[in-house]
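Novice: To start, I am sharing the structure in question, which I have written as structure tokens.
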Protein chains: 2
Amino acid sequence: MQHTEQHLKSSDFITDMVIGMSDGLTVPFALAAGLSSAVSSNNIIITAGIAEIVAGCIAMGLGGFLAGRTELEHYQSELKREYDEVEKVPAKEMEEVKEVFAEYGLSTEAQDLIANELAKDKTKWVNFMMKFELGLEPPNPNRAVQSALTIGASYFVGGLLPLSGYIFTSTPLQGLAVSAILTIICLFVFGFFKSKVTGQPPIQGALKVTMIGLLAAGAAFGIAKVVA
Amino acid sequence: MQHTEQHLKSSDFITDMVIGMSDGLTVPFALAAGLSSAVSSNNIIITAGIAEIVAGCIAMGLGGFLAGRTELEHYQSELKREYDEVEKVPAKEMEEVKEVFAEYGLSTEAQDLIANELAKDKTKWVNFMMKFELGLEPPNPNRAVQSALTIGASYFVGGLLPLSGYIFTSTPLQGLAVSAILTIICLFVFGFFKSKVTGQPPIQGALKVTMIGLLAAGAAFGIAKVVA
């Protein structure tokens, strides 16, 4: 089954890495590009870049942590509610099972049979309601911590790359040139693998990701020049 | 049904607003805080802040646009594949329907009945496979554009608030004080409503969101001081 495999491949880890790295490669690069048009010292750009990377890394990492925790808490509170409902109002829950299948044109006979059979095992019944009525999958309990670390580290690595251009050059415009070349290569490679993993056409995906980075940097460059 | 209502309330629009605003309130604030420890002029902080807001706004907005487009394309390609399979290998698809229900302990009799009834209407059958086998819901075709605008605008508004502290003061540390007070209030109010909408305890949620902002800003401040 090709589509099941695709589902397995785009795992939580890869999703988190993509989230962290696409922002990490884009925003610090664009910020540095913007400052290159406005200030005359590489030091200020490096300081601002590092401040942004640290800020983004923590904000996105902790954001990922909270999202993971919220998902887990939400699942557990819905699970508890479904257990309560199956216990207290089983007839109503059986009606809900039937409604799910009525929507797909199944006969009342089939609906009754499914509802009656499911009602025999409360755990399976509740799991069924969680997935098919509410569309919730059991989350991985370690997801929050893993998410935070993966997103944070990817943002950090992604952000340091464009900044390195300013460390080995002496003027902001030289730094921008090196940074742009490095970042375009990285965005393209990153976009290529991201698209492969998510099952999109890789070259097209790579070009899209690269365009976003360049647009963001171009706009930041232009606007910072006007403001400064 | 309380949980169905909750599902409706946390709509795509609100999800996008939360994505844009939580980063918008946090990262530019933390960047400005970091620069406050490293530079002596509010102008540089404002320039860097605006460059970051423009960069973040475009990067996140276009990122949301691409995510929406990818979701739509993915749905359509899976839909096409399911139609093909139902046409070419109906027996295999019927087996897959049965497997879904075998997992929940339904009898072979019930499994056969469901599979046979579903097979009568190909559209409903395919929709069933999309949702129950692949866990995919039909995406809103306008989602990509709406997502881009909502995320971008929320990031922009969220980012301008902390920056405004530096516009009306004359030194970075004064700016940081005003910015911190404004941002703490906004993070708290934002965290409160975000938690209400997602069905979490609101005060606890507000404190968590505020803590993330302060941690990111504190780390950026400390590290920028060391680097500069």
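Placed from the backbone N, Cα and C atoms, the Cβ positions cover glycine too.
In TrEMBL, annotation is done automatically, which means it is predicted and not curated.
What TrEMBL records for this protein is below:
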- A:44-67: transmembrane segment (TRANSMEM)
- A:148-168: transmembrane segment (TRANSMEM)
- A:174-193: transmembrane segment (TRANSMEM)
- A:205-224: transmembrane segment (TRANSMEM)
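Quick one: how deep are these features, and who are their neighbours?
Specialist: Counting residues 6+ beyond its ends, the transmembrane segment (A:44-67) has Cβ neighbours under 8 Å at 16, 19-20, 23-24, 27-28, 31-32, 35-36, 144-145, 147-153, 155-156, 159-160, 162-163, 166-167, 172, 175 in the same chain.
Long-range contacts of the transmembrane segment (A:148-168) within its own chain (CB-CB distance under 8 A, at least 6 residues past either end) are made by residues 13, 16-25, 27-29, 32, 42, 45-46, 49-50, 52-53, 56-58, 60-65, 68, 175-183, 186, 190.
Within the same chain, residues 21-22, 25-26, 29, 32-33, 36, 42, 45, 158, 161-166, 168, 202-203, 205-210, 212-214, 217, 221 sit at least 6 positions outside the transmembrane segment (A:174-193) and bring their C-beta atoms closer than 8 Å to a C-beta of that stretch.
Below 8 angstroms of C-beta separation, residues 22, 25-27, 29-31, 33-38, 176, 180, 183-184, 187-192, 194-195, 198 of the same chain, each at least six residues beyond the ends of the transmembrane segment (A:205-224), sit close to that stretch.
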